[in-house]
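Colleague: Here it is: the structure, laid out below.
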């Protein structure tokens, strides 16, 4: 097994052990019903996390995704319920708006040579503020199309349901993994995260790739917003507050290096599942309060960051010599 | 001498603050009316000073962190933890000074933890402080057991809502901190060391600066400032709300520091201007509220402000309209493009 796959392996092993222990305590957790809900409940987080993986691989960060989810939910709800558009038209408009939004952020990051987190912070304020200006209340969506999609599911033996949005998340992960590991764009993203200067000297189109990465992240966040609106049948401007933190946590737990240039889309999937497992365990247990979720995620984050540190310190012994002086 | 003083006062941040205040005055003519009542001052301007104090205090701590090319995302969560500690101890019957000192120590501890991750384990600041940002609110809820712990302790309430020489206590605390920290970084070599580490940590270490110690110090200061802000906010609402105390204030604090002209790329910082930045943010908040606009516009105005600052500070703008040479930028990136 190649050394570079170790963090991915570590994540997978930790997930397997955690799941095994949970099943030993609550045999009910090993059922297609729980696994199906796992996918459905975490679909919007998973789709967001794929986009976040690309951004982090390219050496940046996108704080605006939670706000884009909220904004998309409101936009879709308003277009369907107030304007009377067909949901598919509304979805297309929302995705185009998000693509323009993300593209502009990428352009700003590249052209102004500023850290990505401050630009996406402005994007976060803008999207959240925009959603709140459109409406401050939850806008319900009642459309036959929504009922049709929520009935669209595959029944598994054992009472489990594989919902449309759960399958959509898996599809996004598969496509994301193929794009990251098998296309030219994917290698550009890795090169950018490794070292922008070298990437540019090697002929990587830095501007185009940066714009595309943030565009991708915003489009996937908008897709997550659509999924979230399917999940809740409503649009609410304060929906998905803090999802950017969950997405970043999932990416880091999945073994992607936050400095960029190293990581796997599949790892992010395991990261999302691990976050879902923590929540499901706390629900199953019943006596643990919800705040333990945050503490456990924080501890997991810490463990994985230290793990990465140790693995990369072992593989690059000469790197930090200057600072020891 | 007076000319130099005037030159110092004519910086973009102070002009922006005056501009925002003037717009507020146009929208709301009695904005500058200050009255004396019950031994303290009242008025919109005083309100700006009072409400802006928590973010100003956070930004005093954040300046040092950002000047070392870092960022502290955990300050909002640390505020919640400190408030929870202070409130829980007071409710459990401990004397208020003990509760305040314990809350400050907890904040300091959080800062030391961040500093340890950044300086000793060499983890990027944004990730290192993310750990506490996520876990901190959970810890605060653990301390308060998910409830909003309310209290009636006179000392804590005085810290949050009292007044000293007519000024709100929060403002006085912010002012004292501002003076102390400014003296610390400008009258000793510490400020220079922070700038050196921010520009190039390896070079600073080779030049004999104990960069590890220094990094731990700036994060510890940030944690301490967050704890002070947390106690003020808890005292203000007479309770510790683990969910909402300090929520998203880390972003306001970062914004205040950036408005204050501190470079996000490290190496150039100003504590007083960061406080001016915090006051600009609060003046806009208050202005939007008193002029009757819905508070949602706040976020959009803030976003517009970040974009404006980025445009002004960007190398692009420097190329189009060359200003005085920038100190701390190294031309590696530009030659490559």
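Every residue, even glycine, has its Cβ placed from backbone N, Cα and C.
What TrEMBL records for A:7-26, A:38-57, A:64-82, A:88-109, A:116-135, A:162-180, A:212-231, A:238-258, A:291-311 is transmembrane segment.
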Colleague: Taking contact to mean 3 or more CB pairs closer than 8 A (sequence separation of 6 or more), are the transmembrane segment (A:38-57) and the transmembrane segment (A:7-26) in contact?
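Modeller: In this chain the transmembrane segment (A:38-57) does not contact the transmembrane segment (A:7-26) - fewer than 3 Cβ pairs sit under 8 Å.
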Colleague: With Cβ distances under 8 Å as the criterion, find the stretch in A:64-82, A:162-180, A:238-258 that has the most pairs with the transmembrane segment (A:291-311).
Modeller: A:238-258
Colleague: Determine which recorded stretch among A:7-26, A:64-82, A:88-109, A:162-180, A:238-258 has the most C-beta pairs below 8 angstroms with the transmembrane segment (A:116-135).
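Modeller: So the stretch in question is A:64-82.
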Colleague: Which residues of the chain, 6 or more past the ends of the transmembrane segment (A:7-26), have a CB below 8 A from one of its CBs?
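Modeller: Distant contacts of the transmembrane segment (A:7-26): 1, 253-255, 264, 266-267, 270-271, 273-274, 277, 280-281, 284-285, 304, 307-308, 311.
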Colleague: Taking a Cβ cut-off under 8 Å, which residues six or more beyond the ends of the transmembrane segment (A:64-82) line up next to it in the same chain?
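Modeller: Residues 44, 48, 51-52, 89-91, 93-94, 97-98, 101-102, 105, 120-121, 123-128, 130-131, 134-135, 139-143, 217-218, 221-222, 224-226, 228-229, 232, 234-245, 247 contact the transmembrane segment (A:64-82) from elsewhere in the chain.
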